[in-house]
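Listed in TrEMBL:
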DOMAIN    3-319  domain 'DNA-directed DNA polymerase X'
DOMAIN    54-73  domain 'Helix-hairpin-helix DNA-binding motif class 1'
DOMAIN    94-113  domain 'Helix-hairpin-helix DNA-binding motif class 1'
DOMAIN    129-148  domain 'Helix-hairpin-helix DNA-binding motif class 1'
DOMAIN    344-423  domain 'Polymerase/histidinol phosphatase N-terminal'
Amino acid sequence: MTTPDKTAVVQVLRDISLLLQMKGENPFRSRAYDTAADRIAGLSEDLGALVREGRLQELPGIGQAIADKVSELLTTGKLAYYDTLRAEFPPGVLELVQVPDLGPKKALVLARQLGVDGVDALEKACREGRVRQLSGFGEKSEAKILAGVELYRRTRTPRRLLGEVMPVAERLLESIKTAPGVIRASVGGSLRRRAETVGDVDLIASAPDANAVFDAFSRAPEVAQVIGRGESKCSVRLREKDLQVDLRVLPDEDFATALHHFTGSKAHHVRLRGLAHERGLKISEWGIHRDDGTKLHVPDEVAFYRLLGMQYIPPELREDTGEIEAALEGRLPEDLVTMEDIQGAVHAHSTWSDGKNSLEEMARAAQALGLKFLTVTEHSQAAIYAGGLKEDDLRRQWDEIDRVNDTVKGVRLLKGIEVDILESGALDYSDGVLEKLEVVIGSIHVRHGMDEEQMTRRLLQAFDNPHLHILGHPTGRLIQNREPYPVRMEAVLDKAAERGVVVEVNGKPERLDLKTEHVRMALQRGVKLVVSCDAHRASDLANLAFAVATARRGWARRGDILNTLPAEQFITTLRKQRAA
Ligand code: DGT
Ligand code: CA
Ligand code: CA
Ligand code: ZN
């Protein structure tokens with residue numbers, strides 16, 4: 001038996017309040033439980049101690065009856081009263097009341113009369129038009145419940161990392177492309193914009209018959225459950241990661257406008273609608289219409305933006321952060337960096353430190369992707385936990401790199417290091433070793449707890465070492481897992497610009513560091529960047545695409561990214577940068 005914590009106790013009290021409301025009890029009884037829940041939630045003292053010392057009922061708002069129940073719950077891990085009460089109601093009804101604007105009375109009617117036992121079933125009932133048939137409900141309340149369900153999901157389902165979702169979305173997209181009659185298909189939503197996290201997956205396809213596509217889609221092995229199906233939209237939940245996918249299928253003439261609509265972002269759309277209005281046009285989910293109602297033919301998104309007198313705006317830029325003004329004035333960069341521009345991958349580990357694949361395996365993987373070089377940057381000696389290399393180990397590693405470079409053709413392993421930036425700002429190797437390396441990335445891996453001034457000084461100090469080429473994962477954040485360490489990014493980027501230190505855009509899905517906003521800050525200062533994969537196994541080379549996406553979202557052009565250069569030029573440019 002696990003002892004319930006304060007949060008669990010508060011939850012039980014709130015549940016009891018809701019169940020009493022469903023039961024139609026005197027409102028003052030249910031309110032007593034809510035008041036007690038509030039009181040306990042706000043306690044600064046230890047709840048267990050209060051209960052043991054019999055002081056709980058002395059608190060204002062908590063009577064003897066409730067104090068006894070809390071005590072029972074804390075000491076036995078169960079509460080008989082709660083279990084009995086719950087058994088009087090259909091399963092799932094407590095989940096239903098979590099939907100915004102769905103009160104206990106209505107939730108109970110839905111559970112009893114339609115047998116809905118949870119939010120998924122509720123959504124299905126709404127989409128099938130079964131809710132509007134109940135007395136006391138209508139089309140309006142059905143739509144309102146659906147909106148509530150969406151909000152419920154948005155606030156509860158954790159957002160997923162871009163890099164985590166992309167592979168499964170691409171698999172689904174491939175299967176949709178081969179479904180009966182499909183003409184065009186694409187991902188949409190935040191995934192297409194390459195946002196760092198995504199709430200759900202949006203897919204858009206064109207085909208003469210949506211039903212045939214939905215049938216095929218529903219049978220895909222990734223799909224666990226169909227949660228809603230209408231004329232043009234089918235929503236499913238995937239087996240993997242409890243992820244929702246919305247697929248829209250439309251006639252091909254509507255594909256471009258639908259793709260645009262479901263790519264978002266909402267902020268970008270709001271601005272576009274305003275602009276369209278000034279031109280006597282109306283943009284909606286259903287296309288672009290003139291004021292007189294005639295629908296315009298929009299073959300693709302380039303045409304879409306042209307109709308508004310703008311340059312084409314790539315999806316990664318559609319966030320209303322200045323892209324609309326730039327596109328209207330024709331000053332949106334046309335040479336944003338692409339995957340095709342990338343000559344080599346930066347930042348790879350092998351079995352020499354904490355990587356899972358040998359140098360040769362890494363080289364072959366890079367070769368298979370058509371990369372011309374891969375910078376091998378193991379950890380340095382201070383990183384004991386990550387198999388950091390001693391200076392002596394490096395020389396032996398270089399022999400193996402030479403051997404692999406002779407064996408694996410078309411791709412070159414560059415001799416590098418990811419050297420720790422120590423607490424003092426000094427680097428973890430002697431200058432004598434660092435100067436022999438082709439690529440020196442400096443990163444912070446320990447002592448994240450320093451304050452902003454100390455951390456900023458640590459980084460600025462590291463930039464004074466002329467052998468440092470690249471600052472690795474500059475803020476150390478792990479998305480949804482670890483806050484960035486505090487650092488004055490302006491000062492760091494100012495000095496990087498001044499001293500020719502290149503900054504990494506790390507493509508590891510949980511890092512994406514620099515992040516989009518910092519990429520823009522760096523570019524405004526003329527800082528050069530590399531896109532990296534931070535690979536610890538061969539398959540991590542795929543991370544490069546996420547680094548490129550993040551760089552694009554920060555408006556990086558081909559010329560801003562140094563690993564668009566061939567290997568030899570890449571190495572000499574890193575040195576020249578520091579010498580200037
Ligand atoms: P997410 O899923 O939270 O990561 O973010 P999105 O952007 O993918 O949002 P989602 O899935 O709710 O909707 C996909 C796109 O559809 C969204 O980016 C813009 C469009 N859209 C959805 N609802 C609305 C709306 O109420 N108004 C407008 N203008 N567009 C909407
Ligand atoms: Ca989405
Ligand atoms: Ca969606
Ligand atoms: Zn690192």
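From the backbone N, Cα and C atoms, a Cβ is placed for every residue, glycine too.
Sequence-distant contacts of the domain 'Helix-hairpin-helix DNA-binding motif class 1' (94-113) (same chain, six or more residues past either end, CB-CB distance under 8 Å): 15, 18-19, 21-22, 86, 119, 122, 125, 131, 134, 136-137, 144-145, 148-149, 151-152, 156. Note on the domain 'Helix-hairpin-helix DNA-binding motif class 1' (129-148): residues 99-102, 106, 109-110, 113-114, 122-123 of its chain, located 6 or more positions outside it, place their CB under 8 angstroms from a CB of the stretch. Cβ atoms under 8 Å from those of the domain 'Helix-hairpin-helix DNA-binding motif class 1' (54-73) belong to residues 4, 9, 12-13, 32-33, 35-36, 38-40, 47, 79-82 of the same chain, restricted to positions at least 6 beyond its ends. The predicted model assigns the domain 'Helix-hairpin-helix DNA-binding motif class 1' (94-113) a mean pLDDT of 92. Sorting each residue of the domain 'Helix-hairpin-helix DNA-binding motif class 1' (129-148) by its DSSP state yields 10 helix, 0 strand, 10 coil.
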